[in-house]
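Take a look at the structure set out below.
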Amino acid sequence: MGASGRICTVVPVEDAGEAAMLALSSPTGCVELRLDFYPGDPGEALELLATRLHSPARVVVTLRSAGHGGLDRRARGERRAVLARLEDLAPEGWLVDYEVEDLHASSGCSGCIASSHPTTPPTPRRALEEAAVAERLGASAYKLVYPGVEPWEQAAAARLVAEAGGFATSFTLGPGTLASRLTALALGAPLVFGSHPRAPLDGVPQSSEIMELYLRMGLGES
């Protein structure tokens, strides 16, 4: 898959209609629908979005919890039911993001993304073990993101991507986040994430900038 399909443009879903327009204007071939921004029933928003989005080709559906840096404050038990419903409602080929706690509490998933957002990086061995468990539980990709200022923290993220053979993505948050995302992309990560130019998020580089710099590196076509 080209870089455009591996760079997901984040779309905060505050209003389903506006989110659909943002998604359709994504500068990359992948969008992430952040349903934790939605004030109502996330399933209702997803149903509406599913009828309107015939492009981009790749869509990630996310209900990020407050414990992982998002806005959703449902208890894990309630989240499990909501995520299962989102997976049922999602069109074929769309990926639902399961935080690792949700995935472990469920009976697995069908091609989801297993994500983890710790405050400190796990050891590379622990990260690889967690990725392996996620794969056994049905995930098609593993995502590990954490704050990182020191060079070794960014190197640890890159090592996971390199050793996971296209199954894992990992990058750091903070001053070096753009370089960390580019490194993950260059090493074959299945996904990295950037903000929409019309809906910027604090601390998240724009997906169009990630794409531009990746192509400038001369590593491949979009």
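For all residues, glycine too, the Cβ spot is worked out from N, Cα and C.
As the structure is a computational prediction, the values presented were derived from the model and not from experiment.
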3-dehydroquinate binding, same site as Glu32, Leu33, Arg34, Arg181 - Swiss-Prot member from Arg6, Arg64, Arg159, Arg216: Arg64
Taking residues Glu32, Leu33, Arg34, Arg64, Arg181, which bind 3-dehydroquinate in the record, the widest Cα spacing (Å, whole number): 19
Set of same-chain residues at least 6 away whose C-beta sits under 8 angstroms from Arg64 (3-dehydroquinate binding site): Arg34, Asp36, Gly70, Leu71, Asp72, Asp97, Glu99
Listed recorded positions (Arg34, Lys143, Arg181), ranked by Cβ neighbours within 10 Å, top entry: Arg181
